[in-house]
Amino acid sequence: MGRNQFKAKQDTNVAPKAVEALLSAFDSPSNDNFALVTQGIDRHRLRIFDPRSSTIKSDFSSSKEDKFTCLAWGTSRSDVDMSKASKKKRKTSSNSQKVLALGLQNGSIAIYSPVHGRIVKTLAGSHTLPINDFVFNQAGNVGYSVSEDHHVVEWDIEEGREISKWKADSKSIKKLALNHSETKLATAGHTINIWDLATKKISKKFTGHASAITNVLFGANDDICVSIAENDRYVNVWDCSSQSDDSGNITALTMDNDIVHVDISSTDNTVLALSEDGITGIWQNASSPTSASAASSGPKSKRKIRSTTRQPDSSIKVVSSDDESSTIPILMTAFMSGSDKDFVIIARGSTIKPAFETVRVLDASGSLSQDIVLTRQNVNGYLVDKASLAASNLKTTQKKYDESSVTVLGNTDFAISNPALAQDDDDEEDSNQNEPSIEQKLSGLAVEESGAGNNTGAQNGKPNKYATPSASSLQQMLVQALHSNDTQLLEACLTYSNPEIIRNTVRRLPTTFVIPFLQQIVDKFQERPNRGKALLEWIKAILLIHTAYLMTVPDLVGKLSNFYKALDIPPTNLSMFMLRKTKKKSLKMR
């Protein structure tokens, strides 16, 4: 079906997506991961989200030269890096994990593992132009790729080598689809060719799209396939059964705007499509035309059936709670499987931080629900943190400072009203001249060091009122040294060797500074072992007083590994020294 030349504009406003998604896909049918490729500053950025928590599980960026051209989910064994695995291990290993095939502009395919967070294998050497699409088989050991060179390559993913290669079409091929029995491969450009993989020959050919096809999928029983194209608002349904020789479409599913994504249920032929305005349409039993057309018979009615278009049986739309006329765009949608087959999962909102939720589309009787409208909060300002938002709100609520009512003082306001005040000032200056100088004041502040033989205070005939600094003042100085990373101030604290002062200081030390302080002491203990006796007093006090806190610190053994090594070195050196001393003594006796 072609596209109408004139089309009325929609009245619905669509919320902006902030950053356009270049590529995106759920890992159907489990839908445990959502891959999203966006444009970075100078390269493509791949992020993999967990739909259950809306958090990023993996983040990866391409090189500047090789940008991503396509992506496809698949499974592979846990020892996917086959270059490091033996043949026996490849045969015995049965654990599988999710991997992502990324087509590159240089004609190679990179196999990315979200678990490892890196490229674990690269398939190269068969294509020279950008990759257009890639598909896995169910086991994950075979894949098919197509590029701008119009060739399809069958890959042995475990060995990383080419199995077969053939030219599929004289024109560009955009998409591939492998049926569930893995006997047929659909290649889609402007036409759809169904290939028999055993003979590498075309068994069927479908034409009907006026523009390049952007997606093609097989139905649950491989009896039909659906396709969409660029700038096209139709989903064409094709008969892929071997008994049929028809090359035309069975029916066409239509929406009001161009369709950008299509998916088909793994249990029946229910189809969903996502339009460019972010609305999802759903058709149940898409291979059947309308009931009125199906009731008629004869050749004329068959031609009528093929020309029949169907509007969606149901739709999903997300509107903003602030403005119901504003639509929150749906980025991607897919059918759930297993016990959740009555649900579809949607990714909505912005590509910066998409939101995920499951929507029930089938009721208990198996019938489609009516048009579903979800009202959600449209979140904006993803790059603004809560502190900036609070400051902005405070700025709008506070009144601006106004100086219009302020009284400004001048020279006349400071005139001497009473001449007697000047005489008082002169008397005060005379009294200040009789005061001792700063040097005399400083000489009177001499502090007696603990254990010193000469007592300055006693020589002056006055008792020394400046004793050793208290533990509280030493604790403040230690916290200041650790907070500002002041090495000199920290050394000043470590010069104290009084055990009582050390214990009181460590006891009042906040727990947030315990680990940094302990690491600083251990480093100094390693650098200068001759200071070990003085530093061990501090280490012993920390370990005794803050034992309960240290037991709660994760990875404490790793943080104190250097200290353990420092303690192990002296016994080793001592044993070597004793051995040499014994040998020397035996030599003298001889």
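Counting begins at 1 with the first residue displayed.
Yeah, the Cβs are placed from backbone N, Cα and C, and that goes for glycine too.
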Task: Tell me which range among 427-448, 449-470 TrEMBL lists as region 'Disordered'.
output: 449-470
Distal contacts, the compositional bias 'Polar residues' (308-318) - CB-CB under 8 A, six or more residues away: 1, 234, 251-255, 273, 278-284, 286, 289-290, 293, 327-330, 333, 344, 346, 348, 359, 361, 368-376
Task: For the repeat 'WD' (124-165), provide the mean pLDDT of the predicted model.
output: 94
